[in-house]
Amino acid sequence: MEDYVRIFDTTLRDGEQCPGAAMSEDEKVEIAQHLARMKVDIIEAGFPVSSPVQFKAVERISREIEGPVICGLARALRPDLEAARDALKPAKQKRIHTFIASSPIHMKHKLGKSPSEVLEMARLAVKMARDFVTDVEFSPEDATRSEWEFLRELVEAVIEEGATTINIPDTVGYTTPQEYMDLFRFLKKEVKGADKVIFSAHCHNDLGLAVANSLATVLAGGRQIECTINGIGERAGNTAMEEVVMALKTRKDAFCVETKIDSTLITRGSHLVKTITGMVVQPNKAIVGANAFAHESGIHQDGVIKNRQTYEIMTPESVGLKSNRMVLGRHSGRAGFKDRVIRMGFDPKPEEIDNAYNRFLEIADKKKEVFDEDIAALFQAEISRSQVDEKYRLLSFEQNTGSNQTPSSKISLQIKGEVKQGEAHGDGPVDSIFKAIGQVTGLSPLLSRLVISPVTEGTDAMAEASVTLEEGERRVVGKGDSTDIIEACAKAYINALNRL
Ligand code: KIV
Ligand code: ZN
């Protein structure tokens, strides 16, 4: 059996379907660039027929991202398939992923179709997709609650029509490792033509089993895993890419397969998705949680000092966490800074380097040590700023706050080249500065989420803030960074206003 497992990333499609994770086109491209650097095999870039925004994002990723196969999702319907074909046109390597529900409950209540009608629609969809592209994936939605004999018939039919990958979704996160493994074994054994296609796992995490279920299929001959960074996705999320990749790597003795993923880019990818979506990662989350490599108890620390392997099954470096993280200081030159940024996987434009270098000097003045993570955060914030027209820019602010007074903020903004000032009181320092910004700009969109996270440890750590604003149908996420959390929040708020 082939010993290679394809990593199919669906952060931009299934991941984006989770509440509050909608991303702008620029943000999707930024994530896709990182996925390409990580060497994922397939990027599911979106669902082109679902909206013009989705269509444009898939088209742009198809044009700009090289390396991975770019995939677009389509129901088993002509308009969906045509939209996927059109959006994927510029891609060098493209895949159409078409799906239709196959479980009794979905066929009856959602589709109102009989099994034979579903089978016919699936056949036609795969046939049409094959007229458009050579690489076609088919998914029987809710496969794990479908009748196995019907699944066998359906999968056989779409293979006959030319499907090249068969994905078996556990749409509602219901299956167990043993059952899912048995289903893969059954299909691989009983379906005519099974040896010509790749079988793929697609799991949701409703019972916390998504990663375990996905890994189980590898033992049953599955050779593609669909996953998202940080496991984001509908409800309890999807299979977490970082967990699957590190499990396959760390327990190669058990799974006997490889992936192409550059695991040292995992931490950056996790961070990127966190800051773009504003969805925080729980501290004890495997691989990318803040505590994933922290040894707190005396016994553990003592063991690790004597020999890291006593309590460490993988190194922090293998996921891109540097143990020796101090990289640059106040006297580091622009060339060294640029070199560092490039080695961290960014592809900086000259003006981004200039602006980020100036920010780096400001931070190096305030902070004793500047770590890789600080540089990544400030560079990310710079990219975020450069993606939008900076109609509003923070010049300075002052605050008055204390235990027995109502916090107030004075703020100075540059608005289209003109300097404007405002002042406001609020329930807390953040509330008062947001109100002051609102007073100057005349804007008061709904603030639906505010996340502040330290980039490294220590009281002088840089903070990254992520602000989600909504106005009507529009929803944007702004980012800001500073060693001062109030300034980070103000910058994130202004970045979000610029995006609105
Ligand atoms: O979970 C699911 O069934 C899906 C399909 C569209 C593959 O995301
Ligand atoms: Zn899904």
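From the backbone N, Cα and C atoms, a Cβ is placed for every residue, glycine too.
What TrEMBL says about this one:
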BINDING   Asp14, His202, His204, Asn238  Mn(2+) binding site
DOMAIN    5-267  domain 'Pyruvate carboxyltransferase'
REGION    393-500  region 'Regulatory domain'
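Features recorded in TrEMBL, as mapped to the structure shown.
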{"residue": "Asp14", "record": "Mn(2+) binding site", "Cβ neighbours (10 Å)": "24"}
{"residue": "His202", "record": "Mn(2+) binding site", "Cβ neighbours (10 Å)": "29"}
{"residue": "His204", "record": "Mn(2+) binding site", "Cβ neighbours (10 Å)": "25"}
{"residue": "Asn238", "record": "Mn(2+) binding site", "Cβ neighbours (10 Å)": "32"}
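When DSSP labels each residue, the region 'Regulatory domain' (393-500) comes out as 28 helix, 56 strand, 24 coil, counted as helix, strand and coil in that order.
Other residues of the same chain near the Mn(2+) site, with their Cβ within 8 Å of the Cβ centroid of Asp14, His202, His204, Asn238, are Thr10, Pro169, Asp170, Thr171, Cys203, Asn205, Ala210, Glu226, Cys227, Thr228, Gly233, Glu234, Gly237, Thr239. For the region 'Regulatory domain' (393-500), the predicted model reports an average pLDDT of 91. According to DSSP, His202 (Mn(2+) binding site) is assigned to a strand segment. Classification of Asn238 (Mn(2+) binding site) by DSSP places it within a strand.
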